[in-house]
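Let me begin by presenting the structure, written as structure tokens, before commenting on it.
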Amino acid sequence: MSEEAAYQEDTAVQNTPADALSPVESDSNSALSTPSNKAERDDMKDFDENHEESNNYVEIPKKPASAYVTVSICCLMVAFGGFVFGWDTGTISGFVAQTDFIRRFGMKHHDGTYYLSKVRTGLIVSIFNIGCAIGGIILARLGDMYGRKMGLIVVVVIYIIGIIIQIASINKWYQYFIGRIISGLGVGGIAVLSPMLISEVSPKHIRGTLVSCYQLMITLGIFLGYCTNYGTKTYTNSVQWRVPLGLGFAWALFMIGGMTFVPESPRYLVEVGKIEEAKRSIALSNKVSADDPAVMAEVEVVQATVEAEKLAGNASWGEIFSTKTKVFQRLIMGAMIQSLQQLTGDNYFFYYGTTVFTAVGLEDSFETSIVLGIVNFASTFVGIFLVERYGRRRCLLWGAASMTACMVVFASVGVTRLWPNGKKNGSSKGAGNCMIVFTCFYLFCFATTWAPIPFVVNSETFPLRVKSKCMAIAQACNWIWGFLIGFFTPFISGAIDFYYGYVFMGCLVFSYFYVFFFVPETKGLTLEEVNTLWEEGVLPWKSPSWVPPNKRGTDYNADDLMHDDQPFYKKMFGKK
């Protein structure tokens, strides 16, 4: 027996089965041990002893960036689901300000003019998020039943059905409303399955970057949606909004076609017994031969995990409330990160940017939306670099602090120059320009940190056994907050106007402290190692110093990372 295998056997009592596995990246999120499965641990131990020779895994080496071109293109195609979501966000913000849309789906004043009431505007904009929340929980299961690829294709088809209903709407707002709910069901499934598939096929060295591409596609969709609204605003008929919807239909068809070239999740292939296909999928992702020993080793990791799952039986919804393996703690963290992403205030600008900047006296708020879309899209490229260079945790902390500063300036200028003494005081081009500048700064900070990283954190945090359930719940929290913000923003803005910015500022301050005390660093870890980090109970603010069990030296003190008796201020500002 090798020294590594001997070490793993000696530490089997104090470590989870994941510790006995290779640090090699697998397509699974973790080699899970579950709270109700003490028997599973014993079975897994027996399984490992019977396969002792396979524990001497060969790790797939890191290669130059050029070697990952193929897998990057495949992941971009999967991430195109984010473009579909972003397209809806970018176009709906303009629809509610377009004359033909208002005439068809609004109400009539006594003087013959048409308008959209706050209730109807809020419902049309935000009901999409409710559909997404339901779709994420219900339809994400398709990925477990029929594979990630087929699951994605099905939910995109559902999105297309919703688009058709919206395009076919003549003058019944509730028909358009129903279409948005159905489209939301599809996008909700996409939002869970796309990051999941990307995380499962990505090499560990670039996993964070590739998962972040989902957010990059969202920003591209928002930007091009803004541009399309700008191009159709001069029309006086339904071309204003039907052309953007029709293009959304085309984008969905493009994604379905592209999915035929994407490799299936190796984890799913192993689960259904397609071992050779799993080898080819891993080989394609890592630019190696399917007969490479490292590929065989990684398949064995997946097989061991799948075998452990089969021994344990099907995962129940109640299992997500386990505290023994920190599943419930992870779920709370994932749900909070997704909720706080919405509470940063980004959709205040994305959904109602056209309306907001009309209120500050700008002549063409559609042009302003395009500028914001460019900033948002371009900044996301920076975020793709930062997430692997500086890590998830540090980026979230930096983002919360910088966005707080931007929101303070935005709200203060609006309150003092445009809403003094709680009353609207005309408009000011100077104040409006200042607010646009700091909105751009805000969007830069958001796009580089809080926009992509919650998707990355959630895709690599949850144990394999309950992954789809936990990701769906966490994402549903994001959609629900999106609905609440989208629906109530017209009412809140009407009552307190730019004081609304201080509400988001408070949420950003809370976000900083929450990340510091509850979000661990997972940069550079395999999905199995992330599981071990959680199960060992490492304190989040000490997690950057954590070392996986099979890489520790004799002087490594694991207990030091699990306890901290320092005062509050030293935990935050003391030497780490």
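First residue shown is number 1, and so on along the chain.
Cβ coordinates are placed from backbone N, Cα and C, and glycine is handled just like the others.
Per Swiss-Prot, the N-linked glycosylation site annotation among the candidates Asn314, Asn425 falls on Asn425. With respect to the membrane, Lys149 and Gly537 are recorded by Swiss-Prot on the same side. Ranking 370-387, 395-415, 438-458 by CB pairs under 8 A with the transmembrane segment (181-201) puts 438-458 at the top. Residues of the topological domain 'Cytoplasmic' (459-475) grouped by DSSP class, helix first, strand second and coil last, total 15 helix, 0 strand, 2 coil.
Outside the transmembrane segment (476-496), and at least 6 residues removed from its termini, the chain residues within Cβ reach (under 8 Å) are 118, 121-123, 125-130, 132-134, 136-137, 184, 188, 191, 335-336, 338-339, 341-343, 347-348, 351-352, 356, 454, 503. Of the ranges 123-143, 208-228, 498-518, the one with the most Cβ pairs under 8 Å to the transmembrane segment (370-387) is 208-228. With a cut-off of 8 Å on Cβ pairs spaced 6 or more residues apart, the transmembrane segment (438-458) and the transmembrane segment (208-228) reach 3 or more such pairs and are scored as touching. Put simply, of 123-143, 150-170, 395-415, 498-518, the stretch with the most CB pairs closer than 8 A to the transmembrane segment (243-263) is 150-170. Same-chain residues lying 6 or more positions outside the topological domain 'Cytoplasmic' (388-394) and placing a CB less than 8 Å from one of its CB atoms are 206, 208-209, 453, 456-457, 515, 519-523, 540, 543-544. Within its own chain, the topological domain 'Extracellular' (171-180) is flanked in space by residues 104-106, 120, 123-124, 127-128, 131, 162-165, which lie at least six positions past its ends and keep a Cβ under 8 Å from the stretch.
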